[in-house]
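Annotated in TrEMBL:
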COMPBIAS  533-552  compositional bias 'Basic residues'
COMPBIAS  566-578  compositional bias 'Basic and acidic residues'
COMPBIAS  579-590  compositional bias 'Acidic residues'
DOMAIN    28-205  domain 'Poly(A) polymerase nucleotidyltransferase'
DOMAIN    213-344  domain 'Poly(A) polymerase central'
DOMAIN    372-415  domain 'Poly(A) polymerase RNA-binding'
REGION    532-593  region 'Disordered'
REGION    720-746  region 'Disordered'
REPEAT    590-610  repeat 'ANK'
Amino acid sequence: MSTAGQPLKRAVLEQLLPVVSNDAGDPKTAASLQTFVSAHIPMESEREQRRRRDKVLELRSLFLDWIKATCHAKNLPEEVVAVAGGEVYIMGSYKLNVHEPGADIDLCCVVPVHISREDFFTSFHDTLRQHPKVKDLASAASAHVPIMSFALDGVDFDVLFAQLPLTSVKAGMSVDEDLILRGVDAKTYLSLNGPRTTNMITRLVPASAQASFLTVLRVVRIWAKNRGLYANKMGYLGGVNFNILVAMICQMYPRANPALMLHRFFLVLGERWKWPTPVRLCKNFDAGLGFPVWEQGGSSRRELMPIITPAYPAGNSAYNVSAQTLSVMKTEFARGKKVLDKALAMASLTPGDEVGNNAAQAAWRELIEPSDFFIRYNRYLAVDMWASTAEGEAAWFGLVESRLRLLVDILDREPREIYGLGPIFKSVHLFPRAFPPCHRGGHDGGSEAWHAAQCFYIGLSFDKEEMERRKVGKEVFVGEFIRKWRFAVETPPRGGQMRSMRPRGCDVLVSEVKWRELPANVFESLGGEKLARERRRKERGKGKEGRKKGQKRAREEEGEEEGEEEGKAGMEKRRGEEGEAGEGEEDETEGFTPLHMAAYTGELESVKALTREEEEGGKEEGRKGGREGLVAVKGVDALDAQGRTPAQVARERGFDEVAMYLEGLMAAKGEGGREGGAGSGAEEERRVVPTQFLPPLDGNAEYDDADDEVLGAAEAAMEQAMEAEEGGEGEEKRQEGEEEEEASRKKAALMSLQLVMKEEELKLDPVIPPWRKRSLVLSSGGGGERTRALIRTPVVMDLTLEEGEGKV
């Protein structure tokens, strides 16, 4: 530690990481990104920029006048008052000019030694409260970093306070020198770290990367906010964190254009960076002023995502990140990289290529599309909070919001560390955005007129196997930890008198909400409740397919599939690996044939050209070779790596005309096979469908958690039945002891199948659960023409109806 008589050590600004590449990237990709940014991430108009600058100057004038008035009130000599001065320092996104229209302006108000922190949060607070243009004034004087928030004539400000041990603070005085921190208290150095860190980040970005730095940072900020990752106090990242991360990528790729640098941002953070390796822009430096400098492993708590501020004293700006929030961010970084791969590939096509340009713009938009949080989970926790006064709102809402990450931590950590249970939750996902209240009132649901109310949501994904193994009930288990959290919210964090911290007239309620019970307002960013429901159905269908493939692979590894022929086992294993890697995250185009790709892009003419010759060949083979006709048109019924035909790919992509054309070819191919089979005396195959498990036939139908479980059972039953019918004489016997169990399972599956379709008759079990009743309306042609009814999940039914029969 230095003393007043010792010279101050000076930091040497030198980047820590080596340059990885000096590649500039394809100029076409930069132009494509710039087109997107101009259209979707606009900057403020010049008029609005001037207005906001004027408000900063107006606030600065109000602040300096208050300093003089306060000095006079303390009876200080006139000569002292004349030189007291004071200054306002801009920091954060507004300083870097990467802020969104209407965003808060972050300031740090610096005063001489005559003005205390208490003066600022009482006297200056009163000055602002009485100002006719000031609204929404709130103060947090006792916070770790004291802050005051308000709106001045419609412009929002977040203001920090710093007192220097000087009799005069001159206008424009630099705060970048470490000497400025000599003799200050901890709250002052934390406040000054705001403008000091902003300035040092700018200096540590290579000159060749300055333009790319600003463009990339603007995109990343919008991405983080839309995807639910922008909230430092809730365990995610804030402005300074993203500033440091983007600056690090600039150091690693100093000459990359904005598009390439944006891709590298997601590549490095989504795949290559191994947390908790710290992110540092320069070597840590200790100026010897007695403040703690961050050291890896030096914290009493394990830090999961250290992002170190470059200014002295270096600290971890991502201290609040937890295991659950880190998991969410890793997933989003990986998703971003996948989307950027597609964007750069499309943007690199020949200039003027309209298809490539449109695809690139679509990919940029996909990057920043709103989060799918509200269609991802079956169960949520709704954290409602109410306040009956403006003062209560400021104090209570701020307190509860700052403790939400504690609720996530309790749910994630305590079952394992305190109760010795396994990982009860697969995910505890806090979404850091406030919504209108989910419930009307406090604990009694009362009708009290609240001044303000809001709600935050936490998505829960249970590990069902662990819950069953431990005999733990969801409601009892969750309720126990909610009570613990509420007690932590309402009592002082460290010792002191046991008293409630909940202001009078304020309340908080945590309740469990099923997906179908969520209020409509949470779906607004997804286009409304109907579109959200349709998207959820589609995404969950992909997830089920992925899980089924993963389970198939697991069974193979355990030896339950030893009787399968080698080629089929190899295919299922590869598909299982895709499913295990993630629910619905597999590469959509893996294993595509040319016909798959044409169906994927919706090019009907290309589909027709690719299938014309195969169609004729398939019909001819069907007439000649009986059952061989079923597989003759392999281009039509070929499967990709996810087990989809070209028709299914087109249907998933929304190209219904292409799908209908391909489905017609598949029906014609099957008809040819049946004709040939009849000529040779072959017995026609029977198709079985579990009708009590049919999914909704329209987008407005109810679709809930019970449906998901039933559909999963239906898919499993169908798969078992198809395996029983397709096994044949070539199937080898399974291990001893499993035959009886296998036979029983097949028998149970077949007993659950109610619909048996033959060549000339259709039987339907009239007993269908009331919640699943549907009517199938089928158009039929004359002469016993085959009619197809497509039901998206889980089956495709081929029906043969006599003329005039059109309804089931």
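Using N, Cα and C of the backbone, Cβ positions are placed for all residues, glycine too.
Automatic, uncurated: that is what TrEMBL annotation is.
The predicted model assigns the domain 'Poly(A) polymerase nucleotidyltransferase' (28-205) a mean pLDDT of 95. Through the fold, the domain 'Poly(A) polymerase RNA-binding' (372-415) approaches residues 138-140, 228, 233-235, 320, 322-325, 421-425, 427-431, 437-439, 441-442, 448-462, 474, 477-478, 481-482, 484-485, 488-489, 501-515, 518, 522-523, 526, 532, 535-536, 539, 705, 708 of its own chain, all at least 6 residues removed from its boundaries and within a Cβ separation under 8 Å. Within its own chain, the repeat 'ANK' (590-610) has Cβ neighbours under 8 Å at 578, 635-636, 638-642, 644, 646-647, 649-650, 653-655, 657-659, 661-662, counting only residues six or more beyond its boundaries.
For the domain 'Poly(A) polymerase central' (213-344), residue counts in helix, strand and coil come to 68 helix, 7 strand, 57 coil, using DSSP. Secondary structure of the domain 'Poly(A) polymerase RNA-binding' (372-415) per DSSP (helix as H, G, I; strand as E, B; remaining residues coil): 30 helix, 9 strand, 5 coil. Under DSSP, the residues of the repeat 'ANK' (590-610) split into helix, strand and coil as follows: 15 helix, 0 strand, 6 coil.
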